[in-house]
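If you look up Swiss-Prot, you'll see LYS29, THR188, ASP189 marked as ATP binding site. Swiss-Prot lists SER69, ASP156, ASN168 with the feature substrate binding site, giving sequence analysis as the kind of evidence. As annotated by Swiss-Prot, domain 'PUA' applies to 295-374, with the evidence given as sequence analysis.
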Amino acid sequence: MAVGIENTIEEARFVEQARNFDIQRVIVKIGSSLLTNNGRGLDRTAIYEWAKQIAKLHKQGIEVLLVSSGAVAEGVVRMNLEERPKKLAALQACASIGQMGLIETWWSALIQHGIQSSQLLLTHDDLSNRSRYLNTTGALTQLLEWRVLPVINENDTITIDEIKFGDNDTLGAMAAAMVNADLYIILTDQEGVFTDNPRDNPNAKMIRQERAMADYLFDIAGDGGKLGRGGMLTKIRAGRLAAMGGCPTVIVSGAIDDVITRVVSGEAVGTLLTTNDQDKIIARKQWLAAHLRMSGSLIVDAGAAKAVVEHQKSLLPVGVSEVRGDFDEGDVVEIVHQDTGERIAVGQVNFSSRDACRVARERTEQFDRILGNNEERVVMVHRDNLALTM
């Protein structure tokens, strides 16, 4: 067990107790190891069983979105390959082949219960670009209004750096944010999050409930922890990302009988990662700090840099000396000190690059004259949407 964990975890966190959910919309993510019998091809029996559980929720009026891995593994089987390819082109080809079987199987399993399904293949670029993000959200909203169940997967055929273990955990969390889901369920091959690896330590306890932002979770599931190789780290990170939008996450074994319906009904199976208003802000800042793709740059003077870094203030337009790049309102940009050239923060900007150029170096009282329309925006980047990087 990680150092200090005994003193960090309260016994109440191990107690089975009913969970009071009010769920209208749920995301269910199922990993490759469950879907493919650990790489031996799609487990159609299991898929049909999960479809039956999803159908029960559907009949109750609960909207379900499914994030399904397994395309690459199914492609390997269909091509009779002895092992998973290492070359990117071969991985992408396997994803293209396997995706056909994956969607075909889910469609067949769901249509038996009168549920129409659809395929949605996404990349991180689709979700980091505001215009495509809004288009994707609109499509998902329409599908749900039509009572169609979206089956979402990473578009491994065209991505370069996203074919890696655990990525669909993140994709599911981002989908939860897009549609304002009430619950995110991650089905895995482990019963939940443990204080140690239960395969090695018979005294390991399963954590029944914890805040998604609890730091010690990374200690026991991080890269240096005993559970890191099992992919639990990506699931905890996904739980934190879901927390940013106020969505709780349950990490649970997909092999448990009626697991999906039992989780939604509030039964204490698996590990529940909870969130609150303060956690939303913390999680949002962590997500911003980890954002790899900047849409542009705001160059700020020394006074603005000091206000942001030392006093944790919002970035005001008057402190912005230069705007670089082409971005939309809501995109993530870097904030750079004009004297040192150092990135001091990243944040979600309240203006498009065009409008940001117009209000840069201007005081708030000038905004109506510059932009018109009774302009209500007063900050370039709000402090709740800003994360320091130095």
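The first residue you see is number 1, and the count goes up from there.
The backbone N, Cα and C atoms fix where each Cβ goes, and this holds for glycine too.
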Mind tallying the domain 'PUA' (295-374) by DSSP state, helix then strand then coil?
26 helix, 24 strand, 30 coil
Over all pairs within LYS29, THR188, ASP189, the annotated ATP binders, what is the largest Cα to Cα distance, rounded to whole Å?
12
Given the substrate binding site residues SER69, ASP156, ASN168 in the record, what is the largest Cα to Cα distance, rounded to whole Å?
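Taking every pair among SER69, ASP156, ASN168, the longest Cα gap is 11 Å.
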Identify, in sequence order, the residues in the chain of SER69 (substrate binding site) that are 6 or more apart from it along the sequence and have a CB within less than 8 Å of its CB; answer 'none' if there are none.
LYS29, ILE30, GLY31, SER32, LEU35, ASN153, GLU154, ASN168
Enumerate the residues of the same chain, LYS29, THR188, ASP189 excluded, that satisfy the criterion Cβ within 8 A of the mean position of the Cβ atoms of the recorded ATP site; list them in sequence order.
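Output for this site, in sequence order: ILE30, GLY31, SER33, LEU34, ILE186, LEU187, GLN190, GLY231, LYS235, ILE251, VAL252, SER253, GLY254.
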Between the Cα atoms of ASP156 (substrate binding site) and ASP189 (ATP binding site), find the distance and write it as a whole number of Å.
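Rounded to the nearest whole number, the Cα-Cα distance is 22 Å.
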Under DSSP, is LYS29 (ATP binding site) helix, strand or coil?
strand
Using a 10 Å radius around each Cβ and all protein chains in view, which of these binding-site residues has the most neighbours: ASP156, ASP189?
ASP156
Within 10 Å of the Cβ of ASN168 (substrate binding site), how many other Cβ atoms can be counted across all chains shown?
25
